[in-house]
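> There's a structure below that I have some questions on.
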Amino acid sequence: MAFSLVKYFGLSTTFDPLHKNLFSSKPCVSSFFSKKIALPKCNIMSKKPLYISAVSGFGHVNEPNESKSRDPLVQCNAYEASRPPISIEFDEETKIVAAHKFKIGLYFATWWALNVVFNIYNKKVLNAFPFPWLTSTLSLAAGSFIMLVSWATRIAETPKTDIDFLKALFPVAVAHTIGHVAATVSMSKVAVSFTHIIKSGEPAFSVLVSSLFLGQTFPLPLYLSLVPIIGGCALAAVTELNFNLTGFMGAMISNLAFVFRNIFSKKGMKGKSVGGMNYYACLSMMSLLILTPFAIAVEGPKVWALGWQNAVSQIGPNFIWWVVAQSVFYHLYNQVSYMFLNEISPLTFSIGNTMKRIVVIVSSIIIFQNPIQPVNALGATIAIFGTFLYSQAKQLEKFGKKDE
């Protein structure tokens, strides 16, 4: 009986190799109903590891007449490596959202890259050819020529305009012309980084003009966001190593002009069906007509001819490519920004514009090796951070108006 129990539970007894006895006198299990099982006294002498051959046969003794073949409880199937991988399919809405995000990211990257290239070549041209009125005129002329060719070749759809559209566009074009020339004058006198630091104070001018001329009032958080903007710009201006009053005033006038441009654009272009690309094309052409006579009166062809000869003699033929590059890239980056407005919210555009200034400032410092003091860098950081806070406060104001 003891032997059968041992066999049933799969327990072995001590093997004595000296006496060659298969079973020792002390079995491992003295009794089946014993309360204590002296397992530590058992010596399992086996050099081979134990395996469970099948789940179905675990703890079961085969009968003599029982068939050895059993259906396994667990079935493992092996597949060839040549089988096609599992494909994950997304619904149509997920694909549309992903495509839209990719398009927005591509717009941001293109906008910033074109703006950086324009500022670099614009500064190179102005260093060798310090005539900002002609440089501004060439930028508008290049954009107008590009769009005329696009309309003639059917690359872009010709806009449907009328006299009302042109009347509404005229004040926008005047403000755009003043802002463009003022910014170019500023860059001809000071570093690109300093011009963009001062231009980051544009939100302060927006609140000031809207309060004085339009009678608008704003919530307290929006007014508080102007404190770091004004303070940062003032700190950067005071600590600027190459400060120039003309350059500083040019950037300030540019801020004021672009604020009026935005106000006139919002008022006069409501209900108009002209897209962003064609809208900026019409704006460039009208600005070109406004600017050309003033550029001739302020600088004049004789001065331009002497300056052009001097620049070509110093730089060489590359100067011509610099002029072409700054003119073309000015139109391209502005065109992309106007196309961008149709795809994103004003808040996203404001944040993107703030990040654009950071990219331009850092790129210009690296390329032109402009010396900058830590206090100057701190002022620029505070001003740009204030611009970001302004965009956030502006968005909260819109949400508050919707709730009302």
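A Cβ is built for glycine as well, from the same backbone N, Cα and C atoms used for every other residue.
Positions annotated as domain 'Sugar phosphate transporter' by TrEMBL: 103-391. Annotated transmembrane segment per TrEMBL: 104-121, 133-153, 245-264, 276-298, 318-334, 346-368, 374-391, in sequence order.
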> Please give the average pLDDT for the domain 'Sugar phosphate transporter' (103-391) in this predicted model.
87
> Ranking 133-153, 276-298, 374-391 by the number of C-beta pairs under 8 Å to the transmembrane segment (318-334), which range is first?
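Ranked by Cβ pairs under 8 Å, first place goes to 133-153.
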> What else in the chain is close to the transmembrane segment (133-153), if you only count residues 6 or more beyond its ends and a Cβ gap under 8 Å?
122, 125-126, 180-181, 184, 188, 278, 280-281, 284-285, 287-288, 291-292, 294-295, 298-299, 304, 323-324, 326-328, 330-331, 334-335
> Hey, which bits of the same chain come close to the transmembrane segment (276-298), Cβ under 8 Å, at least six residues off its ends?
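Same-chain contacts beyond the flanks: 133-134, 136-137, 140-141, 143-144, 147, 156-159, 161, 165-166, 169-170, 172-174, 176-177, 180-181, 269, 331, 334-335, 338-342.
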